[in-house]
Amino acid sequence: MENQTSANEFVLLGLTSDPHLQSLLFFVFSVTYFITLFGNMLIMIVVRTDPHLHSPMYFFLFHLALIDICYTTTIVPKMLVNFLVKQKSIEFCACITQMSLILLSAGSEIFMLSAMAYDRFVAICSPLHYQEAMNKLVCSQLVGSAWAMGFLHSIINTLPMLNVQFCKYTEIKHFSCELPPLLTAACHRTFLNKLVLLSSAVIFGSSSFLLTLISYIYIISTVLKIQSPNGRHKAFSTCSSHLIIVVLLYTTALFQYTKPSSASSVILDQLFSIQYSILTPMLNPIIYSLKNNDVKTAL
């Protein structure tokens, strides 16, 4: 009965138990976190201060940078602390809060990318009506909807977790309280929670992906009709950065949240999590800076 008592805290096993490797990883992820914060904050400052970037595309980029800061800050600071301490524990409430913020950030990010895809669709397919179609109210509604969908995704998966029973001593084979490894660590049956997770991942992920895919189908068909090679290159270059980010995020995140349990691997799960929750937020400002002449000029 004592072992079945609800846990007050969990133990995050992290990436490794080797002290020397932990010191190296502390340095690597500290640099990664600094680059992420610096890059995304720089993007936000440049977008706010440069009048040439006061357009819908950069309005969305501003909020994408904000989401990336929230995403990585939810995970990395606690991860860095655990590299330095022996007792890698986290309280139940803190763990559930971290999990809900991860779900919020992930959900908001995929719908923000869909909003950015729609923006590129209007800009390329209906350039004469772009200013009218993407006015301030529409842009604010799209950004608000992206945050709202992230919040809904978080609530749907967080509330059922409050009823899950954990053993008194619970180890999480992960570096954060992400939902899949948290469900794996539960003592009692979690079929309903896994069903909610899979359903929400499929519904939210596929709807966001379809919105992005439909936008790019129209974009590609319009670009191919342009006679001039320079014109095609110029049109496609405006959305190439966004396309790279979409591919990086969806290929790892969707597999992580929809794969069968038989395909689970602790190392593979952690590598995928690092990719979409730590590396992608770091790469976003770098990719947009390197491939966007307006941002480079503003910088």
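Every residue gets a Cβ built from N, Cα and C, even glycine.
Copied from TrEMBL, the annotated features are:
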- 24-46: transmembrane segment (TRANSMEM)
- 39-288: domain 'G-protein coupled receptors family 1 profile' (DOMAIN)
- 58-76: transmembrane segment (TRANSMEM)
- 96-116: transmembrane segment (TRANSMEM)
- 137-156: transmembrane segment (TRANSMEM)
- 201-224: transmembrane segment (TRANSMEM)
- 236-257: transmembrane segment (TRANSMEM)
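Residues 107, 110-111, 113-114, 117-118, 120-121, 124-125, 149, 153, 232, 235-236, 239, 243, 246, 250, 253-254, 257-258 of the same chain lie 6+ residues outside the transmembrane segment (201-224) yet bring a C-beta within less than 8 angstroms of a C-beta in it. If one looks beyond the transmembrane segment (96-116) by at least 6 residues along the same chain, the residues whose Cβ comes under 8 Å of a Cβ in the stretch are 57, 60-61, 63-64, 67-68, 70-71, 74-75, 78, 90, 142-143, 145-147, 149-155, 157-158, 161-162, 176-179, 182, 204-205, 208-209, 211-212, 215, 242, 245-246, 249-250, 253, 276-277. Averaged across the domain 'G-protein coupled receptors family 1 profile' (39-288), the predicted model reaches a pLDDT of 86.
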